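Participant: One structure follows; several queries about it will come next.
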Amino acid sequence: MSENQVIKPGGRLVGEVQVPGDKSISHRAIMLGALGEGETVVRGLLRGEDNLATLEAFRSMGVAFCEDGDGALRIAGRGLHGLQEPQDVIDCGNSGTTMRLMTGLLAGQQFFSVMTGDRFLRKRPMKRVVGPLTAMGAHILGRAGGEYAPLALQGKTLQGITHHSAVASAQVKSALLLGGLYAEGPTTVHEPHRSRDHSERMLTWFGADVRPFEGGVTLHPGSCLKGGEVIVPGDISSAAFFMVAALIVPGSELLIRQVGVNPTRSGVIDILRQMGGNIELLNERDCSGEPVADILVKASDLKGVEIGGAVIPRAIDEFPVISVAAAFAEGRTVIRDARELRVKETDRIASMCSQMGALGALVEPREDGMVITGGPSLGAAKVSSLGDHRIGMSMAVAALRASAPVTVTDTECTATSFPGFWELFNSVREH
């Protein structure tokens, strides 16, 4: 049954908040923990639906998991060659990360496997990973010539390649690096811009021979992965909703604790600062190879800016809520070079234009982005998540500056990346 949330405008955000663990890092911790020798203990793991899909995929291949009393996840690693052939189709749910990264990993196994997903995932492009993996010798079948799931894989030994990626995609890069663990010879990926590097960092943490260079990365196979402890920081994509909310609601001052601030992911901080946002990083430190900080955000008068180029892949998941910030900034904000937004859980350019437009925002779609003309406030209306977790949470933030309560429909999807979002969102607001 569809869930709805009614958001009343106003209510400054004050105090402290800690967001759930990083979704991208959680996926990779499960995957590499399963492939590692010995036990891996993961602390701070996100229990969102996407990550649970990854966990269940490995459970179906014989990996044992158990929960500690303190909330940590213990993974009994089976080593690089210890996975078992799954007896049923692997259901990736709504998770593009699960499907794309698993495609690389499964391509190098010595068994047969099939992956599918929900109606949204089955519309998302997979050829971008299927194509280069096929060049490595993988045998993968899918709808429309491998463009769409379900995907069927007959695993085999792969050959390392040098791949020049047309887009800066961490999922493509990660799929090839995971396939490269099972390849003869090195695997090299070149990118037009640097994408998030969580896979490289965690592969290195587990003992793989990964060599980043300007414009790309090379993995040399042959190293076994060693289990250990992984501490997952808070997800900057989840923190972004609270950052924008605190910036746009007058009188707000919010401290967001223990957030991952990896430079390949912190584009949202750079963009919001460029817009005039008062954002400060405190207590900077390192956890399991990832930079972490506490983020102090104070309400600010924002201004419109131009956003494009190398910052786009560093903030690709945050553009729905960045567009909310732009709706309250003085002047025009132009987002370009972001065509990748059209192939997310929904077409996020069309989704944000339609839902923000319903509230009266001046948002104009472009093929590779949008133009937003800011104003002091929005109207009130019933809006929808459209089944996309980031759209739903972005509309909740927009509602804080509406003229009357806003109803957001179909909000159950927020559990994909942020279970407990609505409770946390309400807890930091003064009523």
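Every residue, even glycine, has its Cβ placed from backbone N, Cα and C.
According to Swiss-Prot, the protein has these features:
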- K23, G96, R124, Q171, R348, R390: phosphoenolpyruvate binding site (BINDING)
- K23, S24, R28, S169, Q171, D317, K344: 3-phosphoshikimate binding site (BINDING)
- D317: active site, proton acceptor (ACT_SITE)
Participant: Cα of K344 (3-phosphoshikimate binding site) to Cα of K23 (phosphoenolpyruvate binding site): how many Å, rounded?
Facilitator: 15
Participant: Tell me the Cβ neighbour count for D317 (3-phosphoshikimate binding site), meaning other Cβ atoms within 10 Å of its Cβ, over all protein chains shown.
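Facilitator: If we count other Cβ atoms within 10 Å of D317 (3-phosphoshikimate binding site), we arrive at 24.
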Participant: Give the maximum pairwise CA distance in Å, whole number, for the residues K23, G96, R124, Q171, R348, R390 listed as binding phosphoenolpyruvate.
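Facilitator: Looking at K23, G96, R124, Q171, R348, R390 as a set, their Cα atoms extend up to 19 Å apart.
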Participant: Tell me which residues of the chain lie with their Cβ under 8 angstroms from that of R348 (phosphoenolpyruvate binding site), as long as they are six or more apart in sequence?
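Facilitator: For R348 (phosphoenolpyruvate binding site), the qualifying residues are F319, P320, L341, R342, D388, R390, I391.
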Participant: Quick check on the binding-site residues: of K23, R124, whose CB has the lowest count of neighbouring CB atoms inside 10 Å?
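Facilitator: Comparing Cβ neighbours within 10 Å for the binding-site residues K23, R124, R124 has the fewest.
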Participant: Around the Cβ of Q171 (phosphoenolpyruvate binding site), how many other Cβ atoms lie within 10 Å? Please give the count over every shown protein chain.
Facilitator: 22
Participant: Work through the binding-site residues one by one (R28, K344, R390) and point out the residue whose CB has the fewest other CB atoms within 10 angstroms.
Facilitator: K344
Participant: Given a separation of at least six residues and a C-beta threshold under 8 Å, show me what packs close to S169 (3-phosphoshikimate binding site) in the same chain.
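Facilitator: R128, E191, S195, P313, E340 - these are the non-local Cβ neighbours of S169 (3-phosphoshikimate binding site), listed in sequence order.
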Participant: Name the one residue among G96, R124, Q171 whose Cα is closest in three-dimensional space to that of R28 (3-phosphoshikimate binding site); these are the binding-site residues.
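Facilitator: Nearest listed residue in space: Q171.
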Participant: Can you tell me whether DSSP puts R124 (phosphoenolpyruvate binding site) in helix, strand or coil?
Facilitator: coil
Participant: Pop the Cα-Cα gap between D317 (3-phosphoshikimate binding site) and R124 (phosphoenolpyruvate binding site) into the table, whole Å please.
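Facilitator: Distance (Cα to Cα, whole Å): 15 Å.
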Participant: Relative to the Cβ position of S24 (3-phosphoshikimate binding site), how many further Cβ atoms are located within 10 Å?
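Facilitator: Taking all protein chains shown, S24 (3-phosphoshikimate binding site) has 29 Cβ neighbours within 10 Å.
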